[in-house]
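Enquirer: Found this in Swiss-Prot, in case it helps:
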type	residues	note
BINDING	104, 141	substrate binding site
C-alpha cells in the first residue's frame, strides 16, 4: 500500500468525524491528486490484470471523500450556471488542448472532472460521471449516461438513451464494465457491476442488473452478472415453474467469434434472430 492510498484509507475509516475544517491539508492534496489522476488516466478504479478485473476500492473512497469535504461552488457554463462540488472537465479547455486530446464533444455533452476520456471518442449530448474511464474510439450517443467509475473499453458504441450504471449512489461494490468492441443498444440499462465481455452485442431495451436472469438458449443455462464474450443478447421472458406468469430476463441468442463479429454488421447479427 503506497502512502497516498494509506492516507485515503485511513481518512475513509474516520469519515464520520471529518469535515473541511478538520481535514488536513495533506488529505485535501491527496484527494485532489487522485481526482487529477482519474481525470488524466493515470489512475483507474478497475483494470484487467492477468485476465481478471481488479477493483481499486481506495480510489472510489477518495471520490466519496471529495463529496463529503469539498464545498459546492458556482460552475459557469456560459448559457447558465450550476452549483456542485465537482467542476466540469472541459471548462477551461483551449482549442489546442481539445485538438491534442483527440476528443469531440458536441454541445451539451457533459463530463465531470475525474472522468478519463481517451482519443477518438465522440460525446454527443450525453453525461459522463466522475471516476468513469472511457477508452479509445468510443461513441457515447445522445442522452446516454456513463455512471460514476464505470469502465468502457475500446471501440464501444453506447446508443441513444442507454445507461451504464455508477457505483457511488447507491454505493455498489464493483463498477459496471463494458469491455472492448461492444455495442450497447438504445435505451438499454446495464448497472450494479455487471460485466459485458468483449465483442458482445446488447440489443435495444435490454436491462441488466445483478439479479437479472441471463438465459443462454444454446446451453439452457441461467447465469447472473456477466455476459460472456461474443454474446448477442436480446430482451426476453422466462415462465414460472407453475406456468402462472413469466418474468423478465436477458436472452443470449447466439455467440459469435471475433472474426465473425468483424465481418458481420451489428444489424445483421440482431435481425438473424428474428427469423428463429
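Heads up, the Cβ atoms here are built off N, Cα and C, so glycines get one too.
Note that the coordinates shown come from a computational prediction; the quantities given were computed from them, not determined experimentally.
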Enquirer: Taking only same-chain residues 6+ apart in sequence, whose CB is under 8 Å from that of residue 104 (substrate binding site), what do you get?
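Expert: Listed in sequence order: 121, 122, 123.
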Enquirer: Looking at Cβ-Cβ distances, which residues of the chain lie under 8 angstroms from residue 141 (substrate binding site) while being 6 or more apart from it?
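Expert: Those within reach of residue 141 (substrate binding site), by Cβ under 8 Å and sequence separation of 6 or more, are 124, 126, 157, 158, 159, 160, 161, 162, 186.
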